[in-house]
Amino acid sequence: MRRPNVLLTGTPGVGKTTLGKELASRAGMTYINVGDMAKEGELYEGFDEEYDCPILDEDRVIDELEDKMSEGGVIVDYHGCDFFPERWFHIVFVLRTENSFLYDRLESRGYKGKKLQDNIQCEIFQTLYEEAMLSYREEIVHQLPSNTPEDLERNLDQIMQWIEQWMKDNN
Ligand code: DAT
């Protein structure tokens, strides 16, 4: 049975992990958090002093994921999307959160000062939406509101329906 690969992207704190894990469990698919995977495998190529975080080794991430992605049925979660091979994904969702909600979520995650401001600005400038629109065919890129638990449920229902339809059409 062929299954699609789904990319969940967006600013940190918009709810990719929450949605991705629940979606994987409902759809029986594999959830991969690229940030966690990089941490576990130390897939880094340096340290960004300005942003106080390690720099992802994108080539090694791609090498590690290639076999799984070609099997299908993978949900990938990352706050970046321009370095993945375009052919990997059948659909791309960009989660969007209003500033006031995002601010509270990032603050309770311990973000402050420049890191907090930069992430809020990333959402205001819709950086990830533009990155996704430049990196994938526009028809497969969708924005989803991710402010409330009701949004989460609606997003889960919509993506589940899309996955089921894709499987009907492709098997
Ligand atoms: P991300 O993986 O994009 O960094 P997350 O899934 O860790 O985000 O979520 C950040 C916080 O926001 C976490 O405490 C759960 C909460 N959250 C996620 N989606 C939500 C939603 N639709 N409504 C309310 N809270 C949400």
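Residue positions begin at 1 at the first shown residue.
Cβ coordinates come from backbone N, Cα and C, glycine included.
Remember, it's a predicted structure, so these values are computed and weren't measured experimentally.
Between the candidates R60, R87, R109, TrEMBL assigns the ATP site shared with G13, G15, K16, T17, T18 to R109.
Residue ranges 64-74, 108-118 are listed, and TrEMBL annotates 108-118 among them as region 'LID'. With a cut-off of 8 Å between CB atoms and residues at least 6 apart in sequence, the same chain places G13 near R109 (ATP binding site), listed in sequence order.
Around the Cβ of K16 (ATP binding site), a 10 Å sphere holds 25 further Cβ atoms from the protein chains shown. Under the three-state DSSP scheme, R109 (ATP binding site) falls in the coil class.
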